[in-house]
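Listed in Swiss-Prot for this protein:
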DOMAIN    16-95  domain 'GIY-YIG'
DOMAIN    208-243  domain 'UVR'
REGION    470-507  region 'Disordered'
COMPBIAS  475-491  compositional bias 'Low complexity'
């Protein structure tokens, strides 16, 4: 670890303006991004007494080897810059409110002629009205199933809608009166839109008018002795009331707010948020995050707002009001920033009494319970993972536990569509952003394919090491131009030496930049021998290697005549099996994709610059590929949009496709 005093900037070079600062590790990778009202005061606080900092902050300061900053004019600009850089660099020491998924919304495609009701995730689209977010997609489908009795709107995809119109029969929902069947003309576009507007009014909280109208119609039907219709209206009312029960009314004034509460200890914090729309609780979400420094509840509110409401995904739905337990120090700048994202004024406040205070206390109890459950589960997970890694290290004779494990697998069918996968586990958990897929072109069997993929992976790693100037390392490929000296200037911090392990534009590691402590191959002694030979040819002797054979689950080591046997109940074996199975899943999925693509493509797909429209025009004109291949250049150019050069390329591609297949190199 670096001594913080070795890279501490001179206080006089740090401006006293607002800005954003970045700590980087030895490779130039951004590991922490922070915002400050006064850059000089904030940065000096890290170096004044680093030993007594918060545990995670101390680890960050001693891991870093450089710090740089950007000064801006206002706090709002600093807030925006901080958010942008956290999204760009994904620093490991920043508080991160995320759970690797986007939350579902109930979406209404109001811009279509026949609007559709559906579950939708991800980025919001124009012409779509959203209700939510919900915690689970099944909650949306359950609500829809109840409301389609009363509002029989379309829920099918465009393909299903068109096919039903072509055959003249609606889908099952049309027969059971849960769809008005606009696909077959049972209702007009105007009538269907009226149904959808009624649904939107109900979801927006205007429920009393709908209930009173149905009650009145039911009474009228009963008075006119239309008992079947009255019974249907009675069932519709019951469905509406069940749907209303799922969305508890907490505020009678139609409040549009997110209620946020926290529970924390010195190392972690749990956050819970209830989404209240039109006075009703629409959804609930929660996270548990690591605290990277001594953070107040106000600081946690700041981080929550910038990360949860700043994104382009569906979760970035900024409410009119945020009810929080404590206001952050930059509350005015934060409110301005949120208002810019929403497009109208957003307020943050601490409720003091009444229903809003009671709901905030309820959310706080949920946060406390969530933190307790997380700590109990995390204690078990950490113990299990540590035990598994220690068992693997002991079995393989490693000095330290393998914190980064890479596993490779080959997938093919009789030498066709040969592909390989590389999956990465760090600290016993999958790191999917590091997964890689390989197309194997020069090998047709598993052993040669395994050799090729390992040579390609570690050649890239050796090239990166050589370019950073590590002693004793020669490039495995073409020599790269060495990095030039960093530029400096008065009042500007020295730029960190960003080696080629890190992309200087993104601050993230390049592909294959970091070596594993352990390589696992899917297979037994032959696969391990092939992998060991490939590593030896490259001169890689500091990476452990093993293979996990199927069926007996034996662990094979290079040059060993007999496998190592881990107990069937061993945590180490469970981890190796999980790594191996993940590599197999990743490889076979890629293989199926390529095989499916190959089986459905034609020779015309390989013609450069020939798009789908012109391909269809050619097939319509000639009727088949056989007739097209027999045509002359002049005949092909008769097709609109096809010139002589393109016609020659088409004939060349069709001529190649009639030749026997040759192995690709």
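Quick reminder: no glycine exception, Cβ is built from N, Cα and C everywhere.
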Cβ-Cβ under 8 Å with the domain 'UVR' (208-243): same-chain residues at least 6 beyond its ends = 143, 146-147, 149-150, 198, 201-202
Note = Secondary structure split (DSSP) over the domain 'UVR' (208-243) reads 33 helix, 0 strand, 3 coil
Query = How do the residues of the domain 'GIY-YIG' (16-95) split into helix, strand and coil according to DSSP?
reply = 37 helix, 19 strand, 24 coil
